[in-house]
Amino acid sequence: MLKSEDHFLEIVNSLFPREHPHMVVGRGDDCAVLKCPASLCMSSDLFLEDVHFRTRYFTPEDIGHKALAVNLSDLAAGGARPLGFNLNLIWPVYLDEEFCRSMLSSMAELGAKFKLALTGGDLSFGKSLGLAVCIWGKSPARQMLRGKAEPGDVLFVVGKAGLAACGLSLLEENDPGLDRYPECVAQHLRPRPLVREGQVLAGIEEVKGLMDVSDGLARDLPRFCRRGTGVEICSDFRVHPEVAFFCRDRGLDPLATALKGGEDYALLGACTRKGWDTVKKKILDCRRLGTVTDKPGIFLQDRELGLKGFDHFEK
Ligand SMILES: Nc1ncnc2c1ncn2[C@@H]1O[C@H](COP(=O)(O)OP(=O)(O)OP(=O)(O)O)[C@@H](O)[C@H]1O
Ligand SMILES: Cc1ncc(C[n+]2csc(CCOP(=O)(O)O)c2C)c(N)n1
Ligand SMILES: [Mg+2]
């Protein structure tokens, strides 16, 4: 059992450093005092039990990792260098101290990889486990925004579309063949935030914008493209072999499954046609997804795909 709020803070203090070059006053006072770069990128993401994860198949370590990873992914999409975060927690009675230690150690491990400061947060008792992270970092010289791609530009994806959604289905169904899909499962439980890739892309002049794909490409492509524009998907766009295998097993369309996706935490970007060679050279795990067109919608060989991604209010 967690005995008190102070007991919780002792655990936090045993796992996260109390000093950081960007933290003038750290945890323990009413406010943290930060030394900030001139332009900050800031973002927050909730990670809630039975909405984003289940304790049936997420270990405490997976939960700690993913709650921070999804936030790092937004900074990656900003091309930012992450510096620190706040952690707000809703803690239910049925989880014990060991769960808390395991969850926070794994979050601290990921935080240490990026030398992040934990600048503070809040804790409240509640009905189920919830983590709300607010993260900040140094903005790149050129901001990586949505809505900047123009007809003729190349759209590319870093990372794998559809893996995490297949992983989610397999885990939800408690599928006996789970071990045939190691990458699907790993991508759902422990996504790797593409922070280095985001920073490299922000440094390439021909890259027009970036976003991270959390609600599936079908939902996020229209958010990324300027109003009045659309996408022609490359006819040779290949899905990951595990996604293809998953779809063959269930009679699903692999491209539609990959585009619907959800929680991919891949990076979607746009660059000029000339810039594509540079992007390909600098980013290994990068694929051309399609071309921006002046016709709204997502098309494959002139056929509109009419797919929908994830939305919390559409069930
Ligand atoms: N409760 C809120 N209050 C103020 N602004 C919000 C709120 N929720 C979302 N926004 C803003 O709306 C925009 C779109 O939010 P959205 O959550 O889709 O972005 P995202 O963080 O990239 O997606 P995801 O949460 O799936 O990672 C963001 O700029 C976000 O800061
Ligand atoms: C138990 C369970 N049911 C459904 C899902 C699927 N899911 C939840 S949120 C989300 C989009 C990204 O979240 P957000 O938009 O909040 O950043 C998706 C695809 C899940 N992970 N676990
Ligand atoms: Mg995002």
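Using N, Cα and C of the backbone, Cβ positions are placed for all residues, glycine too.
Keep in mind the model is a prediction, meaning the values are calculated, not measured.
Positions annotated as Mg(2+) 3 binding site by TrEMBL: Asp30, Asp74, Asp212. According to TrEMBL, the feature Mg(2+) 4 binding site maps to Asp30, Ser43, Asp74. As annotated by TrEMBL, Mg(2+) 1 binding site applies to Ser44, Asp45, Asp122. Feature annotation from TrEMBL assigns Mg(2+) 2 binding site to Asp45, Asp74. Per TrEMBL, substrate binding site is recorded for His52, Glu263, Phe310. Feature annotation from TrEMBL assigns Mg(2+) 5 binding site to Asp215. The domain 'PurM-like N-terminal' annotation in TrEMBL covers 28-129. Among the features that TrEMBL reports, domain 'PurM-like C-terminal' is placed at 150-301.
Highlighted here are the binding-site residues (Ser44, Asp122, Phe310) whose C-beta falls below 6 Å from ligand 2: Phe310, in sequence order.
For the recorded substrate site, residues His52, Glu263, Phe310 set the reference point as the centre of their Cβ atoms, and the other residues of that chain within 8 Å of it by Cβ are Ala164, Leu168, Ser214, Asp215, Gly262.
If you draw a 10 Å sphere around the CB of Asp30 (Mg(2+) 3 binding site), it holds 6 other CB atoms from the protein chains shown. Ranking the binding-site residues Asp30, Asp74, Asp215, Glu263, Phe310 by Cα distance from Ser44 (Mg(2+) 1 binding site) puts Asp74 first. Over all protein chains present, the Cβ of Asp45 (Mg(2+) 1 binding site) has 19 other Cβ atoms lying within 10 Å. The Cα atom of Glu263 (substrate binding site) lies nearest to that of Asp215, taking the binding-site residues Asp30, Ser43, Asp215 as the candidates. Following the DSSP three-state reduction, the secondary structure of His52 (substrate binding site) is coil.
Asp215 (Mg(2+) 5 binding site) sits 5 Å from Phe310 (substrate binding site), taking the CA atoms of both as reference points. Summary of the Mg(2+) 1 site environment: with the site residues Ser44, Asp45, Asp122 set aside, the chain residues having Cβ atoms within 8 Å of the Cβ mean position are Leu46, Asn71, Asn86, Leu87, Asn88, Leu131, Ala132, Val133, Cys134. Using Cα positions, the member of the binding-site residues Asp30, His52, Asp74, Asp212, Phe310 nearest to Asp45 (Mg(2+) 1 binding site) is identified as Asp74. Put simply, Ser43 is the one of the binding-site residues Ser43, His52, Asp122, Phe310 whose Cα lies nearest to the Cα of Asp74 (Mg(2+) 3 binding site). Listed in sequence order, the binding-site residues among Asp45, His52, Asp74 whose CB lies under 6 angstroms from an atom of ligand 1 come out as Asp45, Asp74. Annotation note: Asp74 (Mg(2+) 3 binding site) sits in a helical segment as assigned by DSSP. Of the candidate binding-site residues, Asp30, Asp122, Phe310, the one lying closest to Ser43 (Mg(2+) 4 binding site) when CA atoms are compared is Asp122. Helix, strand and coil counts from DSSP across the domain 'PurM-like N-terminal' (28-129) read 35 helix, 34 strand, 33 coil.
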